[in-house]
Amino acid sequence: MYGRDPWGGPLEINATDSATDDDRSRNLQDLDRAALSRPLDETQQSWLLGPGEQKKKKKYVDLGCIIVSRKIFVWTVGTLLVSALLAGLITLIVKTVPRHHHRHSPPDNYTLALHKALMFFNAQRSGKLPKHNNVSWRGNSGLQDGKSDPSVLMKDLVGGYYDAGDAIKFNFPASFSMTMLSWSVIEYSAKYEAAGELNHVKEIIKWGTDYLLKTFNNTADTIDRIAAQVGLGDTSGGSSAPNDHYCWMRPEDIDYPRPVYECHSCSDLAAEMAAALASASIVFKDNKAYSQKLVHGARTLFKFARDQRGRYSAGGSDPALFYNSSSYWDEFVWGGAWLYYATGNSSYLQLATHPKLAKHAGAFWGGPDYGVLSWDNKLAGAQVLLSRLRLFLSPGYPYEEILRGLIQLNHGRPQPLQYVVNAAFLAALYSDYLDAADTPGWYCGPNFYSTDVLREFAKTQIDYILGKNPRKMSYVVGFGNHYPKHVHHRGASIPKNKIKYNCKGGWKWRDTSKPNPNTLVGAMVAGPDKHDGFRDVRTNYNYTEPTLAGNAGLVAALVALSGDKATGIDKNTIFSAVPPMFPTPPPPPAPWKP
């Protein structure tokens, strides 16, 4: 059978052909070569390839190992070229434009001073010191405290803090110091954290509260005594008996007897110790067992204070010579307020805000010491502490009336510095309270004062202490270039040279005009006189002796002013134990009588 070859040649198809498959294959190959030897027109190509295959050849690009879409290939190459161009342009800009390095601003003076002020407490530690105490010239001391006095009930009185330049341990100012430090942590824990000092200050507080727990039966609900003081300082009458004021020795070398003073009727001391333990219980609220131990101790102490009325320093006792308490009514307000915050028990608040208690504490009659927060007078501190209740919780009747106008910061005394730093702390703190309550200021009589006035007052006081004063002297040891070098302090003034100087042997170090061989970093000295005069003389403690209470106020003021003002206070932590308040409506007015 013959057919027409569409390419122009005859094609014979014979179904009965007996040729082998190989022959047929060779014949077909010959035909293919013959056919392809001539050029194909477009129509013939379309017959052979078909429409689909012809389009594929135009839409795809053969790269050898893969075949890709022509459109994708063009887009990819174009994108790579544009990217390379942009990268080159950015690199050129980065290399040619001047660079501005954004560094963290250096710490402010308040933060720098805070680091140093906290170190003072490390230098004042008594007992077996921790390895990380970081005061090279200090060592273990007072390891026989309590054991050497057979007349006392509490035998283990090792630990705590030496009060000042001597080696006496006074519970009254030490408790106030721990309360102030705890208060500052409760309000400004974020600032302590930012300064890297939160753990440090909590260690300082716990060192103090651990010791306070040793000075009474802290597991009992009722007590009848407190070990109020270890050591003796009375040198009146020309006595030459060795004691902590007559002798000038390193605490590590003390070998004379250290008597313990117990009190059985000491409302002021017991209530202050209650405030210290109650406030610390809020600091350590995440350590439930320890916090509860502190709260229990605070309750026991406050009950003792209320049941056994009396001043701890009455009767011409040794404490009366150094830390004489003027009354215990302010400690009742102070301790009651802290116990309310620590427990949420409204009976403590009812007591702290009772008008008669406030009247006895001097809240309404003023006086030269009114509004001056100190180790003796806590009224101003209690007023600020209770004001946050009114500002943030609105307790209503019957508390509103007594809380309405307690804040009075327009009284104060310029010297010594411990009163100044306490006033600065209260001013900065109350300013932060008002800011947190979205209150722009307050009225004092007809005059309105913004919160900035309080804060600026606090700054001027602390700036003066840090060196902005007529003498251009920093009154914090180790801060700045010009600070006291003859601090009234036994441990700092005697070299650690493996020589044990006896009671009188250390007098030469007391009386020398040479600077102290050891730097008591962070110690705030007593300060200048009212004419800005200052004598850097070791033997004049009115100028050069630091104290626990003074440094506690300094630390509190410094942390309040440090860092970013926007950080502000912690509004809620102090209310952790306080239940929701549902104010009772006031009683109806009395019937009208004509």
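Heads up, the Cβ atoms here are built off N, Cα and C, so glycines get one too.
What TrEMBL says about a protein is an automatic prediction, not a curated fact.
Now, the feature entries from TrEMBL:
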ACT_SITE  H488  active site
ACT_SITE  D536  active site
ACT_SITE  E545  active site
DOMAIN    110-558  domain 'Glycoside hydrolase family 9'
REGION    1-25  region 'Disordered'
TRANSMEM  72-94  transmembrane segment
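Locations of recorded TrEMBL features on the structure.
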residue: H488; record: active site; CB count, 10 Å: 26
residue: D536; record: active site; CB count, 10 Å: 15
residue: E545; record: active site; CB count, 10 Å: 20
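The domain 'Glycoside hydrolase family 9' (110-558) scores a mean pLDDT of 92 in the predicted structure.
Counting in whole angstrom, E545 (active site) lies 5 from H488 (active site) by their C-alpha atoms.
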